Amino acid sequence: MVDRLADGCLDTDAQNLLSSLKGHITDMHPGVLKTHHLLWSHDLVNPKNKTHARYLKELGEQFVVRANHQVLTRLRELDTAGQELSWLYQEIRHHIWQSSEVTQTFCGRQELLARLGQQLRHDDSKQHTPLVLFGPPGIGKTALMCKLADQMPRLLGHKTVTILRLLGTSQMSSDARGLLKSICFQVCLAYGLPLPPAQVLHAHTRVVQFFHTLLHTVSCRNFESLVLLLDAMDDLDSVRHARRVPWLPLNCPPRVHLILSACSGALGVLDTLQRVLLDPEAYWEVKPFSGNQGQEMIQLLLAAARRTLSPVHTDLLWASLPECGNPGRLRLAFEEARKWASFTVPVPLATTTEEATHQLCTRLEQTHGQLLVAHVLGYIVSSRHGLSEAELKDVLSLDDEVLQDVYRDWTPPSKELLRFPPLLWVRLRRDLGYYLARRPVDGFTLLAIAHRQLVEVVRERYLSGSERAKRHGILADFFSGTWSQSTKKLITLPLVGKPLNLDRKVAPQPLWFSDTVANLRKLKELPYHLLHSGRLEELKQEVLGSMSWISCRGISGGIEDLLDDFDLCAPHLDSPEVGLVREALQLCRPAVELRGMGITAMAWGVEEKLLVIGTQDGIMAVWDMEEHHVIHMLTGHTGEVRCVKIFAKGTLAISASKDYTLRLWNLLSGQEKFTIWDGGSKNPTEPQIWNLHVDEAHKVVYSASGSKINAWNLETAEPVFHILGDASDPWMCMAVLASQAMLLTVSRDGVVSLWSSATGKLQGKQHMSSIKEETPTCAVSVQKQGKLVTGFSNGSISLVSSKGDRLLEKLPDAVRFLVVSEDESLLAAGFGRSVRIFLADSRGFRRFMATDLEHEDMVETAVFGTENNLIITGSLDALIQVWSLSKQGTLLDILEGVGAPVSLLACGGTLVASASPQSSSFKVWDLSDAHRSRAPAPFLDRTGLTAVSHNGSYVYFPKIGDKNKVTIWDLAEGEEQDSLDTSSEVRCLEVAEQHKLLFTGLVSGVVLVFPLNSRQDVICIPPPEARKAINCMSLSKCEDRLAIAYDNIVLVLDITPGDPCPVIDGPRYTFYTQLPETLSSVAILTDYRMVYSVTNGDLFLYECANSKAFPLEAHRSRVACVEVSHKEQLVVSGSEDALLCLWDLQTRKWKFEMSYTSSYCRGVQCACFSKDDKYVYVGLKDRSILVWSVLDGTLLTVQFVHAVVNRIIPTTSGFIAPTRHGYLIRERFQCLSARASPQDPLKNFKKAVWMVKSRQREELVAAAGASQDLESESAQGNESKSNKCSQVCLIV
C-alpha cells in the first residue's frame, strides 16, 4: 500500500517514513517482512492490471503461508510452555477470575461463614471428614464457596494455602483425571514439593495414589494448612454416573481440609456422596435468603451495573418476587429489570426460576427471531464441551434453515459463497451476556450456557423430537469436514427460487493439523454428534472402526480418552466388532503399575464387586469390576503379600505379608485402619504366615504359620492370645471350627492338636490313625461338618475332626490342593494332572464322578462356580479349563491364562480371575454364558498335535481326557463329528489329502491308517521293535512316500493307489541313525531321500538308495520342523533358537540363514513352502507368522495372530493354520511386484532385530578379499563379518 498526493502522484515523504519504519522493524525482527518490488504506474491499483493481480496473488499466498507458519510456531510454543506449567497457571487464573466475578456481589451468609470457620478451626488439629455444602440449584453454593476461598485465612486464623476449583467451568476441572493432576501440581508448587513424575501421570490410578500421599505429606509438614474447595460436584463427569468416588478421601488428615458442594435433588450426586461420607455432621445445607438479603443482593447488582430503578419499577420488581430467597432467581430478575427503560411499563416478572428462564427465551425470540435463537442455543447446548465463536459461525453457515430465514428478504452478497452474517450473532451474544460462559478447552475459548436451568429450558423448547437429531447432524457434518475444502452445498433461497450450489467456507477438519498437532476438537466432538444424530454406521466406519482415528486419539489423548469414546458409544451399537476393539483397548489400559512383580494373593468382595490383589513387592490394588478400573492402590507392606481375606460385606480386608505384619483396610476409602506386628524375626528361614481366618461374629482374626498362631481383636488390634508351636514338628495345616469354638492344627508328623478359639488353651492332642509316613501338603476346613480335609504327600485324603480322623480317598499321586464349594457340598482334590470331585454326604464326602478332570500338565488350583454347576481348574501350562458339573464333567472351554502357571483362581459371581506369581498381570472372564453354544465353537485342543483335511473343513486332534482317541471336529458346525479309537496314546497325526487317509502315530509304535471317507477299513503298520514310541512322521509332497521316525530308526514305506483304498507297502527301507541323540523331525522326498534332525540340532540328508548320510551344518538348538518344497529342490529348517535355514538339496548347503532376537523370542513352531515355492510361511512361538522370500531371503511381512499356530498348510492363494486357541486361520497372501515400498513390514514389532545372511554374498566377499595383502585382507575380513547381514530390519 502506498500514499498518494491529490494529483495521484506518489507521496515521497510518506513513503520515506514508511521505508524507515520497515527498516526499523526489519532490524528489530529480521525475517518478519518480505519485500515485493513493483514498477510504479498511475493505474497500479486497478484490479484489471495484470501486475497488480499477480502482486495480490503473491501477497495472498505469502500471507497464508506466513499465517500457517505463525500458527504452528505458536502451537509448538504452547506445547513447550505446557511442559513449563503455563497450563497450570492458566487454570489457576481462570478459577481466580471466575471467583472474583462472583464475589463482587456477594451478600449475606455471615452466620454460615462464621459457623464454617469455627468448624474448620475445630478440625484443623485432628483427622476429620470432608464437608459438603448442599442445596437446590441457584441457591448460592458457588458464591459461598468463592467467598470461603477469599476469606479462608481470616476464618482459620492463620496462613493457609487455598485451592479453588469451580468444576465444569474448564476442561481440566470437568473430569477427575485433569482435576487431580492440576491440584497435585498446584499443591507441590505451593509447598515446594517435587512435582508428580511422568510415570505417575500416565495412569489415573497412580495420580489418585499420589494425591492421597500428597495430602498426608502436607499434613506431616506441620506448616500452613491446606484447604481444597471443589464446587459443583454435579459437573464432574466421573462422579455424575458413578456408584462411588474412589479418589475422594473419606478422612482428611490434620491441617488438610476438603470442602465440596453438590445440588440436592434428582441428579443423584448428593446421594453418591452420602453413600461414601457417612457422617451426618459433614453435610451443611445452604438455605434461601431472607427478604432483606434478597433486596441487598439486587441493590449490589444494580450498583455494579451502574443502574437504578424508578420507584414504579422497584415496586413492580418486588411485587413479582414475594419472599424470594433464591439468589439464582434474583439474578434472573435483575437481568430482566436492568433492560427496563424509565419511560416503559414492563410486563410483570415470572414468579419461578423456570418461568423466568422461559421469559428470557421469549424476549430473545422477539428481538432476534425464534428460529435463530432456537438454533444458536440448540447448537451450544448440543455440543459436548461447548463451541468457539468461529465454530458456531461455521455451523450456522451450514444450517440451511437459518440461512433461508436470514436471506428471506435479501440476496447474498456473493455468487460463489454463502455465509451466516456475523453481525446477527454479535447482537444475540450481547443480549445473552451473563448467560454465556467462556471456558478454556484445548487452547480454545468455548462458549457454553452458564446456568443449568437455562440448559434444561433450551432442551425442552428447542431440542425435542427430531430437532435434537438435526442439531447433532449438522454439528457432525461440521466436525467431519463434509462441506470444507471448497465442497459446495445445495440450498434454495426464497428470493432466488432455484437451487444454488455454494461454498460455505467452513474450516477444514483433518485429524492432524501437522505431524505433531492433532485436531483435538474433532476428536472430542465428532463421536458424540454421530451417535446422537443416529448416524451409527458412519460412527462405526469412520471413528470406532478406523485405525487412523484410533491411533490419533490414542496418541493425542491417551488410552483413557479413547476408552471414554468407546464407553460412550458401545452401549448404543449392536456391533460385535466394536465390542472386540473396546475389549482389546481395555486390555491395553495401563490401569495399574505392578512394577513387574508377580501376583501372590487374590480375593473377591462380591457385595461391592471389588477384586483385591496382592503382589510380591507388597503393593495391593483394589479393582472395581463393574467399572473396570482400579479405585485404590494400597501401600504399606514392605514384603510379599501372602494372604488376603475380605469381610464385612465386602467393605474391609485384612492382609498378611512376609514383613510380619497384618494390615486392616477400608476398601471403600482405601485407607489403612491399623497395622498389627505379628511377631517373628527378619530371619528368612522362619516360617511365614500362610493362613488367615476372620471370625466376624467374635471380631477376631487368626493368623497361622509353622511355629505360631496369633489371635487379634479386629476393633482394637489388641492381641487375644498367642500359641507357640514345636519348631521341630511345625504345623502344616490349621482350621478354625467356629461351630465348636475350636482351633485344629495338623503337624508335619501327623499330630492333631485342639485349642480353644476363645482362649488359645490346649484341649487335646492325638496322632492320626489313618495316615502313616506321609506329610500333609494342603488342607481345607468344612465348617458345617466341623472337619478339616487334609491332603498328603503320597495321595491320601483324610477327614480330621475333634473326634478323630478317617481316610477318605487314596489318590495315585501327591495331593496338590483341596478346595470346597461355597455351600461346602462339593470338594475338589488336585493330584498330578487330574482333579477329582467329591460330593458331601452324612459320613463326609463320596466320589461324585467316575472320571477325573484331566489337564495336559500338572494341576495347580481350582475354584467352584457360585451355583456349583461349574468348576474351573488351572495348570502349570498356563491353561484354564472350564468343566460342567451338571453334565458330569463335560469340558466347556479352555482359556489361556497370563502366560505363566495358573496358581491363583478366584470366583466372584459369574466372574473368574486368574493370576500367577510369575506374571504382573491377571485376567478376568465372565462365565455367565459358559453353557451357551458359541458360533463357531473352537475345537478344544492344546496338544499341538493337529491335522487338517478337506481344505480346513475338518480338524483332527487327540481327545481331551482320553488320548487313546482322535476327535474329528467339524469346523463349519462347530462341533465334534466323530471320534476314532486308537487303543493307545496318540503321538503324531498326518493327513494325506489326495488319498483321503489319516495316519496316527501311537506311543505303542503302531501307526493306524484311517480312511477319511470310511470308518471300517483301518490299516495297521506295526513297529520295527516292540513298544517303541513314534516320535514323528512325514509324507512326501506327492503323498507316495511315508517316513515313520522312532528314537533312532526310520521306516520308509510306499503308498500307491488302490481300490477301495490306497495300498501301503513296506517298509521299503529301514534306516538306523546310530546316534546317541533321538530323532526330533523328519522330511521324506519322492526319490527316497530324507532330511532328518536329532535333538542336539544336528541335521542330515540321507539317501536311502545308497545308504549314505550327508551331514548339514548343525543348528545351535533343537530343530522344531523340517519341510521340503513342492518341487523337492529346497528344504527349510527351523529351530527353537529362532534360526531359519533354507537349504539347496543339490549342493547340500544353506542358501540363506534368517534369525532374530527379541524380548518375546520363543523360537520356531512350524513352517511350509507356498504352492509355487516362492515363499516360506513360518509360525513362531511368539504368536506371529512371517513370510520369507525364497528368491533373495527378503522378509516380506510379519503378522501377529495372538495364538501359537500348530502347523501351516499351503493353499493356492495363501495358507491355513490351526491355532492353540482352537481356531483355524485362513490367510491370502499377495506379494507386491515392487519391494521399493517404504513400508516396513516389521514396524509394529518392538525391541526385535531380524537378520538375513546370504551364502552367495559371503562367498563373493571372500573372493574379493583373497586378492588383497594381509592388511587389506584383515580389513576385508572385518567388512565381511559386518556384511554377513545382507538385510537388517530394525523394528522401532
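Every residue gets a Cβ built from N, Cα and C, even glycine.
Annotated features in TrEMBL:
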- 131-299: domain 'NACHT' (DOMAIN)
- 361-467: domain 'NWD1/2-like winged helix-turn-helix' (DOMAIN)
- 599-633: repeat 'WD' (REPEAT)
- 634-675: repeat 'WD' (REPEAT)
- 852-893: repeat 'WD' (REPEAT)
- 1112-1147: repeat 'WD' (REPEAT)
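With helix defined as DSSP H, G or I and strand as E or B, the repeat 'WD' (852-893) counts 0 helix, 24 strand, 18 coil. Along the repeat 'WD' (634-675), the predicted structure has mean pLDDT 89. For the repeat 'WD' (1112-1147), residue counts in helix, strand and coil come to 0 helix, 19 strand, 17 coil, using DSSP. Note on the domain 'NWD1/2-like winged helix-turn-helix' (361-467): DSSP counts are 65 helix, 14 strand, 28 coil.
According to DSSP, the secondary structure content of the repeat 'WD' (599-633) in residues is 0 helix, 23 strand, 12 coil. Residue counts of the repeat 'WD' (634-675) by helix, strand and coil are 0 helix, 25 strand, 17 coil (DSSP-based).
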